[in-house]
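The ATP binding site feature in TrEMBL is assigned to 113, 114, 115, 116, 117, 118, 119, 120. The domain 'Phosphoribulokinase/uridine kinase' annotation in TrEMBL covers 108-261. What TrEMBL records for 1-20 is region 'Disordered'.
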Ligand SMILES: Nc1ncnc2c1ncn2[C@@H]1O[C@H](COP(=O)(O)OP(=O)(O)OP(=O)(O)O)[C@@H](O)[C@H]1O
Ligand SMILES: CC(C)(CO)[C@@H](O)C(=O)NCCC(=O)O
């Protein structure tokens, strides 16, 4: 197929190279679309969004260009709409078969990838776009950061420099939360994390009330569970996710985004004396940059290499980004 390359065709190995590019076995479960091919998938069905609505949307999503929304995220919202419609139909036929009254169960979309790769921005774009489709107007958004252990507990476990690693999350609690969501429980609450406080907020919760779609973004959503030694079975977080998207970019590019965000926060959020990182607003820019680079290389990059990147192939869709967060290619699972 012209312009469409199986990711496995390039090299007979399933190793990840240092830049996080995809290599694989000769057979690849993914169909690879160039940016242009992906953008064309939008053309098949007219979109519900009018140009003036797109303008409004780019207002909500600040830094993202209208071109990026049109060429990447509109085709994606069309694909997701088809998946949601199919899942809703499947759910209603099985309820009919069982002679049960339908309870509403949210379709769960997961967004995975490194720290600073743009998970929350992608999730916000998708929420805005998906909420405009008439068959699933209620879209909620949350992050798994709330399920991190509070700093005091991380200190106790000696994990303060492993924040974001699989062991820094209360995975059992996250699994209970997702189990309740997928069981159609009317109100399910989750803890809340604050980047400003750099900690979980004690006593604060968000409540999810049976939306049509729940978008959940986090570093750990594709993580395999630890296998128990006693023969019992354990669920994976991804067992509760209907469609998972992995946001991918080279290590060096993500490092630049992490540093740029840190330096920008120095002149915004960190200026507030209540901010956990306030001291970095007052020191010299070079010193602040060195601190950010340390945090990136010693914690977030290690986590990406050791835990996050190895889960990439568990996603249904991989979006590969280049400079300026521009999506270069989309890899969609065939099976
Ligand atoms: N599509 C995009 N276009 C332009 N800038 C973007 C885009 N996506 C993300 N960014 C910028 O990149 C930085 C990281 O994005 P974001 O905060 O969404 O990442 P994240 O993966 O959710 O990070 P974390 O895991 O730390 O919460 C931010 O400064 C954001 O403004
Ligand atoms: C909270 C997480 C783990 C994920 O959002 C991340 O933003 C983080 O705090 N990482 C630890 C190292 C750092 O401060 O960047």
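Note: Cβ is positioned from N, Cα and C throughout, glycine not excepted.
The local packing around residue 117 (ATP binding site), expressed as other Cβ atoms within 10 Å of its Cβ over all shown chains, amounts to 26.
In this view, the densest Cβ surroundings among the binding-site residues 114, 120 belong to 114, judged by other Cβ atoms lying within 10 Å. Cβ neighbours of residue 118 (ATP binding site) (same chain, under 8 Å, six or more residues apart in sequence): 247, 257, 321, 325.
Shown in sequence order, 254, 257, 258, 261, 300 are the residues of the chain, 6+ apart in sequence, with a C-beta less than 8 angstroms from the C-beta of residue 116 (ATP binding site). Cβ proximity to the ATP site centre (mean Cβ of 113, 114, 115, 116, 117, 118, 119, 120, cutoff 8 Å) flags the following additional same-chain residues: 219, 247, 254, 257. Mean model confidence of the domain 'Phosphoribulokinase/uridine kinase' (108-261) amounts to 94 (pLDDT, 0 to 100 scale). Highlighted here are the binding-site residues (114, 115, 117) whose C-beta falls below 6 Å from ligand 2: 115, in sequence order. By the criterion of other Cβ atoms within 10 Å of the residue's own Cβ, the least surrounded of the binding-site residues 113, 115, 119 is 115.
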